[in-house]
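Per TrEMBL, the features are as follows:
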- 42-290: domain 'G-protein coupled receptors family 1 profile' (DOMAIN)
- 27-53: transmembrane segment (TRANSMEM)
- 60-80: transmembrane segment (TRANSMEM)
- 100-121: transmembrane segment (TRANSMEM)
- 141-160: transmembrane segment (TRANSMEM)
- 198-220: transmembrane segment (TRANSMEM)
- 241-261: transmembrane segment (TRANSMEM)
- 273-292: transmembrane segment (TRANSMEM)
Amino acid sequence: LLVMEGNHTPIRFVLLGITDSPEVQTFLFGLFLLIYMVTLVANITILVLVWVVPSLHTPMYFFLAHFSFAEVCYSTVISPKMLMDLLSENKTISFAGCMMQFHSFAFLVTAECHLLAVMAYDRHVAICNPLLYVTVISSRLCWQLVASSYLVAFLSAIIYTSCAFGGSFCGPNQIDHFFCDLSPVLKLSCSDTHSSKVVISTFVAINWVSTSGIILLSYIRILHTVLTMRPARSRSRAFNTCASHLMAVSLFFGTIFFMYLQPTSSHSSLDKVASIFYTVVTPMLNPFIYSLRNKEVKGALVKWRRRSCISPK
């Protein structure tokens, strides 16, 4: 049983982690450490490129830079604690630490959803209304879209965190996960969580439906516009422009939908595998999806490397 204060608030939780096997834990530590380092280097590289290369000073790469920044923060919220726990026998986390980890996680996940929707809208205007693109997607609008994404995400995270941690915890303190996720935390609450689950489900649905709806409508318009383009080269260029974003959307929304839009009773051990994919693997893959399929990013990287090599020491 967990240690309690007078108001039934737990002092510490125990994270059960991914596996009990010491050999597997050692292997996973090496693997996840490598993935985390690659994630940081790849996403920070994109941030630096967008910052220093003038050809990337466009709305599309402005949004991509914020997405990469969110990926860095997102993986940092989860991976360091997970890596420490893989090599430590003491896998505890304080109540405040658990709450902050979940709040940061919820904030960044929601922000990424809205940023992906903003990026879809940007591609929609660029392809469907190219002559009005510079006028519509102004610098002011870019900042407003990014700021609104962060604001909605922050307010949503406060609601999720209040619902998840607002009750009493007076029973077992073992969280069957490698981080403080929603479902495992709610299972430990001694309070009636029905109303909390309804509120959380409502706001999750609002966020997911609104962002996925914007993405879907944007790409329906894009597809219609592209199919009406006569030169095959123009169609190919338009599809290549959207391919990276579509792959990122598929990876992110696919795992998120699997985790959070299924009934609570359907959660199983596969949840940890899905969680590893979207908290550890996806932040590493996204920079490569955008760079390997994007000639402008690859060209900017080559120019930056050449400039760095020939600069006086």
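Quick reminder: no glycine exception, Cβ is built from N, Cα and C everywhere.
Remember, it's a predicted structure, so these values are computed and weren't measured experimentally.
The stretches the transmembrane segment (198-220) and the transmembrane segment (273-292) are not in mutual contact, being linked by fewer than three Cβ pairs under 8 Å (pairs 6 or more apart in sequence). Residues belonging to the domain 'G-protein coupled receptors family 1 profile' (42-290) score a mean pLDDT of 87 in the model.
If you look at the transmembrane segment (27-53), the same-chain residues 6 or more away from its ends with a CB under 8 A from one of its CBs are 18-19, 61-62, 64-65, 68-69, 71-72, 75-76, 79-80, 82-83, 86-87, 280-281, 283-284, 286-288, 290-291, 297, 300-301, 303-304.
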